[in-house]
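Asks: Pulled from TrEMBL, these are the listed features:
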- 63-89: transmembrane segment (TRANSMEM)
- 109-128: transmembrane segment (TRANSMEM)
Amino acid sequence: VESNRLQIAQSEGLVHSKAAVPMSILWQGPQYFLLGVAEVFSNIGLTEFFYDESPDAMRSLGMAFSLLNISAGNYLSSFILSLVPVFTARGGSPGWIPDNLNEGHLDRFYLMMAGLSLLNIFVFVFYARRYKCKKAS
């Protein structure tokens, strides 16, 4: 969708202006739907994991760690977002995420995040296969 938006901005001559690209906002609908579904399933699974695997006397602490884990992920995401302009804006180029998104390459940022997510799933599978569940009491 972002590559398509950048192509429309290029063809309409809007790259160096802060004008809106004539593209429907409904293009973002499927992405937000998938992101919402993914967050619901992952957050519920994470909460259940921390609740079930915590010792009985520490269940509330396990729930707190679950929420702490979600907030740490949000802070890490913000940190990555703040580092991208530092490393991509060189030699007079505006970088991937400039003030005027028509001049940037947000599509490259999304590809980078997809690559990090792919790496994350490999690390998750590696540790998930070695995890031993708590014995039922």
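Placed from the backbone N, Cα and C atoms, the Cβ positions cover glycine too.
Show me how these features fit into the structure around them.
Replies: The list of residues near the transmembrane segment (63-89) in space but at least 6 beyond its ends in sequence, with Cβ under 8 angstroms from a Cβ of it, reads 43, 46-47, 49-51, 54, 95-98, 105, 108-109, 112-113, 116.
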Asks: So which residues does the transmembrane segment (109-128) touch in its own chain, when a touch means Cβ under 8 Å and the partner is 6 or more beyond its ends?
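Replies: That would be 2, 80, 84, 96-97.
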